[in-house]
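Data block below; observations after.
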Amino acid sequence: MITALKLTFLLLGIGFCYRLQHSDTNEETRAAQPSKYGSLWPLPQKVQISEVSFKLSRASFQIIDAEQSFADPTCRLLQDAYRRYYEYIFVGAQTHKSSSNKRAGRAELTELQVRITSPDTECGGYPEVTSDESYELSVDQPFAVLKAPKVWGALRGLETFSQLVYEDEYGAKSINSTVISDFPRFRHRGILLDSSRHFLPLKVILANLETMAMNKFNVFHWHIVDDQSFPYMSQTFPQLSKQGAYHPYTHVYTPTDVKIVIEFARLRGIRVIPEYDTPGHTQSWGKGQKDLLTPCYSGSEPSGTFGPVNPILNTTYDFMKRFFTETSSVFPDAYIHLGGDEVDFTCCLLNSKEIRDVNFVFIFLSDRLLDIVTTTKKGYMIWQEVFDNGLKPDTVVHVWIGGESNEEMGKVTGAGYTTILSAPWYLDYISYAQDWQRYYKVEPLNFNAQKKLVIGGEACLWGEYVDATNLTPRLWPRASAVAERLWSAMNVTDTTDAFNRLSVHRCRMVERGIPAQPLFSSYCPSEYKGI
């Protein structure tokens, strides 16, 4: 009996110690509290929300073009957005409450009038790095007004308007009188998804594009191919996917699939930037393109394995010119990401004397390949290793090494290069507790150099351990923290208020059908119902 009691107390002690190690005592009783900003995410630049509230009725409320708007009913982008946000407004239920809702006879808001103020609405175009996403929103009687110079700002304002709507204690849809003036802090706010290490079905990509719009991201960095597989179906070189994809029919992106992704993204104000990582990360390319890769040797004999793209054959450049001419016509964005990271030089060092010079491989990338892309009228982005070895002055450098230290950002911008930050936002690294706070606390401009050269950043979710089963909950709402850091003002750093707003925003994503994982112990009024 005594032995049994000792064992019981020992187990209780171990359990108590484990609980201390695996819980944040400050989080133990934490629950979201109402924020003065409601559930707005990311937080607008200027916002005033009053206690005066209005009712919204599904039967009478409508989103329409204002009479003074330069856009008209032929603008498919806006008309699709009106329908989409109308459904979001009247399907989701919010938990924000206001004492003013208890008053009987409240006024009703019957319209949101959208006014595009510029004659060049850009309705039929594609978003660009210079696109204007600013907007002004006024919610008052007799109707709400959303003004934006371009359609891209109207899309952001529609998302904001939908976030202001909540369900009061009587089950009625309500919105408070509000005035907002808003614009993004950074013009490049991206998500990188990796469809090579695990194939991502089209439906999963589209669902995450939809969620990106809910968080005001505007760049989908599509890491479409890599060593593991080549799912992009090239019409010029069909053998690349036939030989390099996991499966030549089921695990490929057809030209129609790519068009669907690009148009779906365009309608949400999102650019699609493809990445074709070269000269390394190209093992899958070599399966369908003979002599593209550098052969490795064991002594004086070929070993049967291959290194990076072979820089000494003219056929390499012929292939690259034709391939990037095709992809440049397929993807309308002004930029292509060319990678350039983690090049293994082992084969080069053991191969013929012509390619024993490691820098020769980088000359291949920084000169010949960039020249090829330039002829297609495209700009190019590369990972920071290429900067470390020298490159052309008009290159956009993507910083991924250095973690939360901004030393590399100082070096790159100090050398005069336009820069994108991802180093502290690798979401494939997961940890216990609320790691979103670590991403949220990052200040992209915490360095001494030419800060104006930083055009934004990206949250990256690499695919070694991620496929369709776990991508979305691993990405959201952790990426939402990056969204607010890249959109909102520099002084928006209160993690307590962020927790309060993000908790409700996460529930809103769940209500809209997105399986975003919880921040902490909690519940949503409308829980995720599964597939």
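Note: Cβ is positioned from N, Cα and C throughout, glycine not excepted.
Pulled from TrEMBL, these are the features on record:
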type	residues	note
ACT_SITE	E342	active site, proton donor
DISULFID	C75-C123	disulfide bond
DISULFID	C296-C347	disulfide bond
DISULFID	C507-C524	disulfide bond
DOMAIN	40-164	domain 'Beta-hexosaminidase eukaryotic type N-terminal'
DOMAIN	186-489	domain 'Glycoside hydrolase family 20 catalytic'
SIGNAL	1-19	signal peptide
What residue among the disulfide-bonded residues C123, C296, C507 has the most other CB atoms lying within 10 A of its CB? C507
With every protein chain in view, what's the tally of Cβ atoms within 10 Å of the Cβ of C347 (disulfide bond), excluding that atom itself? 19
Taking only the disulfide-bonded residues C296, C347, C507, C524, which one has a CA atom nearest to the CA atom of C75 (disulfide bond)? C507
Neighbour tally for C524 (disulfide bond), based on other Cβ positions within 10 Å of its Cβ: 18
For the domain 'Beta-hexosaminidase eukaryotic type N-terminal' (40-164), residues assigned helix / strand / coil by DSSP: 34 helix, 32 strand, 59 coil
Rounding to whole Å, the Cα atoms of C347 (disulfide bond) and C507 (disulfide bond) are apart by 51
Consider the disulfide-bonded residues C296, C507, C524 and say which one has the Cα lying nearest the Cα of C123 (disulfide bond). C507
Specify the count of other C-beta atoms within 10 Å of the C-beta of C75 (disulfide bond). 22
